[in-house]
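J.: Quick one: the structure is below, and I'll ask about it shortly.
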Amino acid sequence: VNISFIATDAKGAVALLRPVFHLCACQNGAKCVQQLDEIQTQSDNRFAILSCECRSGYAGHYCENDVDACQVNLNPCYPGVVCKDLPAPANESGYECGPCPSGLTGKGDSCQDIDECQGGLKRCSQNCYNTPGSFICGCDNGYSLQNDGSTCQDINECQPLADCMQKCENTPGSYQCSCNSDFKVDLSDPKKCIPKFPCKDGSHGCQDVCFESNDVATCACRMGYQLKSDKKSYVKDSNQKYLALYKRVLMWR
Ligand SMILES: [Ca+2]
Ligand SMILES: [Ca+2]
């Protein structure tokens, strides 16, 4: 397209006018700006598309795009936190970060671990270990962590049978071995029992221990076993569970 205005007067003088058309293609209320170097008055192209001066929050050659502040800032929120671009006129700084992931605190652009083990909240019945984004509970020796993940319960070491030779008493966090009336605790090994009065003359055929009570030699066996009808040899007690329940009152004679 070539538009020219030619004026001629009566004496034959001619004047030529070739106007330049400035085209404004800006969008979203942008202002068209005239840049002199773009106006090609000397060239044959008489159509110039004007530059755009975008309103706040818009970008693009013709201001056709709403600025995505999340993209411009390369997702400025904490990893895993949703970034929400704010509509124009919010510009490059117009974004909002969602809440921090659970276990973390902050404004969403930066999140810090919450130390659940600090402060007044006692989340673990015994020991608390802080971890990034969470925490875990632990128990002292002799306790086991329950399914709720926070409560510690005493382990009943006497059930099933502990390594006590005779009696076993469960205690909070531990257990204690003790002995039947004709026995005393072996000082070299508190789990063992030795007769207060060992049999003087040989073992009297006892398979395990021989002790004297009222000057009578008697055989005994350790917890979890019972004497057979010969009162000398022993057999594994078939009713251990029952015995454990009733503090293992063993029949010795
Ligand atoms: Ca934590
Ligand atoms: Ca215990």
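Heads up, residue numbers simply count up from 1 along the chain you see.
In case you wondered, yes, glycine gets a Cβ from its N, Cα and C as well.
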J.: If you follow TrEMBL, the disulfide involving Cys63 connects it to which of the following: Cys54, Cys70?
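T.: So the cysteine that TrEMBL bonds to Cys63 would be Cys54.
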J.: Quick one: mean pLDDT on the domain 'EGF-like' (20-64)?
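T.: Taking every residue in the domain 'EGF-like' (20-64) and averaging pLDDT yields 81.
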